[in-house]
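Trainee: Dropping a structure here in structure tokens format, bear with me for questions.
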Amino acid sequence: MKSRLKIDYNAPYCLSFAILAMVVYVANTLSGGWALGHWFSIPGSASLGDWTTYPRLFLHVLGHGSAQHLFSNIIVFLLVGPMLEEMYGPTMLIVLSLITALITGLIMIFFFSGALAGASGIVFALIILSSFANAKSGTIPLTFVLISLIFLGGEVIRALSGVDQIAQFAHIAGGVLGGFAGFLIAKRVETPRW
């Protein structure tokens, strides 16, 4: 008797986030950019006196300005996220994502003009957090050091060169938050060494 293979919704938070981001992209395309401009981005000119600013502080991570922007974030999100969701649970990733969205949104309002949209900050948080996957208690993983130097160092250099500073600040903020999460809550399990 053959057993039937079933599709497993193995990473509920990551898969739901990816699906929502794709739905928002389609809605934005069908609305001629209205969805992104009114709900799924946070402008630097946003006023804390406007009630729509508050949901946008969190919703901007679901909005993406192009298919390339969306898919570059979602691919990395779906590569790294499910492993972290299995290790730490969906609640921890949701909290990290909400904190990242809030902090990057507030930084945008207080320090930049233009508008911020996309999950890049969350993706960078997950990339940095993933470097703690097999960390031993009382140690700093070399993977954390290297990933921080490569990803965050590159973003700092791009920010200082004046190229798209809005995106770089979100990447840097997300990476820093992922690093804090790694030091605060990453599982420190002893793994067998060669």
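If you go along the chain as it appears here, the first residue is 1 and each next one adds 1.
Glycine is no exception: its Cβ is also placed from the backbone N, Cα and C atoms.
Found this in TrEMBL, in case it helps:
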- 12-37: transmembrane segment (TRANSMEM)
- 55-187: domain 'Peptidase S54 rhomboid' (DOMAIN)
- 57-80: transmembrane segment (TRANSMEM)
- 92-112: transmembrane segment (TRANSMEM)
- 118-135: transmembrane segment (TRANSMEM)
- 142-160: transmembrane segment (TRANSMEM)
- 166-186: transmembrane segment (TRANSMEM)
Trainee: With pairs closer than 6 in sequence left out, are the transmembrane segment (166-186) and the transmembrane segment (57-80) joined by 3 or more CB pairs under 8 Å?
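Mentor: Answer no, regions not in contact.
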Trainee: Mean pLDDT across the domain 'Peptidase S54 rhomboid' (55-187), rounded to an integer, is what?
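Mentor: It averages 90.
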Trainee: Establish whether the number of Cβ pairs under 8 Å between the transmembrane segment (92-112) and the transmembrane segment (142-160) reaches at least three, counting only pairs separated by 6 or more residues.
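Mentor: Contact between the transmembrane segment (92-112) and the transmembrane segment (142-160): absent.
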Trainee: Mind tallying the domain 'Peptidase S54 rhomboid' (55-187) by DSSP state, helix then strand then coil?
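Mentor: Its residues divide into 103 helix, 2 strand, 28 coil.
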Trainee: Looking only at residues six or more beyond either end of the transmembrane segment (142-160), which have a C-beta under 8 A from one in the stretch?
Mentor: 124, 127-128, 130-133, 135, 168-169, 171-172, 175-176, 179, 182
